[in-house]
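> So that we are looking at the same thing, I have put the structure below in structure tokens.
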């Protein structure tokens, strides 16, 4: 079933839901350049005001996956993505990027999907380049990197070329729309397991149900009660978990994992150079909040990847990976593997 653009706009203005097949058709028009920038903007804002439903988000994500340039990873065992929606306004160092090296060192296979900074001090791509990695890889090279060192970083612009039609609109609007929450739902390697941070507590229940519809296996959607799109060390974190088809929602606290409470301000950075320093300190096992928040989020990734059976066990495994030097070695290995593609050209 198709729906005219103006009919769809009228429906969202009237606070009525766009049906699944209609949303598929509308999103395909956006991704193929068949919808004007004015209509894209109006539709995105209309959805925002109405509040996007689980069905609408799932349909839009399905189309983004359909148009994405994929990374072929036939074996999905222990394959996990660590990412966030961004936009939390907290400006911490790149916690999920640091956690990626720890999780990989402890046995997870990490297919991380990310880009350059939009709202933070630095994006995962910016920081990985500053650490010495080569990020502009082909899908085949990403798959080889994943096979060789347990990490495959997918630079978002290389995999979502069709977003070029919506990107200028999104940038000019300057407010959150459905496009802000679609990126983390569209991993090009189709990682079945995921730790996703979200900028608003309402998104915890929404995103976990979207990923349930999209067929994910083991997912943790997290929102720190201080506003962080990570599992927080400053207090409670809301978690929506999808496991074996079932959803549970609960709250965790650093003390649950034997970790102290810290003020979030000690994790803030102003630029990518400061973020790189924090990552290096964490991987070098420097005691303190920078290391501890990486242990916590890497532990969650190990749990989502089904390497361990609880976040507590994940934190323990992450601690061992850092203390033994394996996490720091994983960073060096990843940089060497990605640079080998650059020199091979």
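Residue 1 is the first one shown; counting continues down the chain.
Each residue, glycine too, has its Cβ placed from N, Cα and C.
From Swiss-Prot, for reference:
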BINDING   84  anthranilate 1 binding site
BINDING   84, 87-88, 92, 94-97, 112-120, 124  5-phospho-alpha-D-ribose 1-diphosphate binding site
BINDING   96, 230  Mg(2+) 1 binding site
BINDING   170  anthranilate 2 binding site
BINDING   229, 230  Mg(2+) 2 binding site
> Spatially, which candidate from the binding-site residues 84, 92, 113, 116, 170 is nearest to residue 229 (Mg(2+) 2 binding site), comparing Cα atoms?
84
> By the DSSP assignment reduced to helix, strand and coil, which category contains residue 116 (5-phospho-alpha-D-ribose 1-diphosphate binding site)?
coil
> Just to be sure I understand: of 92, 96, 116, 230, which binding-site residues have a C-alpha no more than 10 angstroms from the C-alpha of the residue listed as 'anthranilate 1 binding site'?
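Final answer, ordered: 96, 230.
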> According to DSSP, does residue 92 (5-phospho-alpha-D-ribose 1-diphosphate binding site) fall in a helix, a strand, or coil?
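Assignment for residue 92 (5-phospho-alpha-D-ribose 1-diphosphate binding site) reads strand.
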> In which DSSP state, out of helix, strand and coil, do we find the residue listed as 'anthranilate 2 binding site'?
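DSSP assigns the residue listed as 'anthranilate 2 binding site' to helix.
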> I'm trying to understand the geometry here, so how far is the Cα atom of residue 113 (5-phospho-alpha-D-ribose 1-diphosphate binding site) from the Cα atom of residue 230 (Mg(2+) 1 binding site), in Å to the nearest whole number?
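Counting only the Cα atoms, the answer is 16 Å.
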> Compared by Cα position, which of the binding-site residues 92, 96, 116, 230 is the closest one to residue 170 (anthranilate 2 binding site)?
116
> Using a 10 Å radius around its CB, how many other CB atoms surround residue 84 (anthranilate 1 binding site)?
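Neighbour count, Cβ to Cβ under the 10 Å cut-off: 24.
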> Name the secondary structure element type, per DSSP in three states, that contains residue 229 (Mg(2+) 2 binding site).
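DSSP assigns residue 229 (Mg(2+) 2 binding site) to coil.
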> Would you identify the secondary structure of residue 84 (anthranilate 1 binding site) according to DSSP, in three states?
strand
> Around the Cβ of residue 92 (5-phospho-alpha-D-ribose 1-diphosphate binding site), how many other Cβ atoms lie within 10 Å? Please give the count over every shown protein chain.
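Excluding its own Cβ, residue 92 (5-phospho-alpha-D-ribose 1-diphosphate binding site) sees 23 Cβ atoms within 10 Å.
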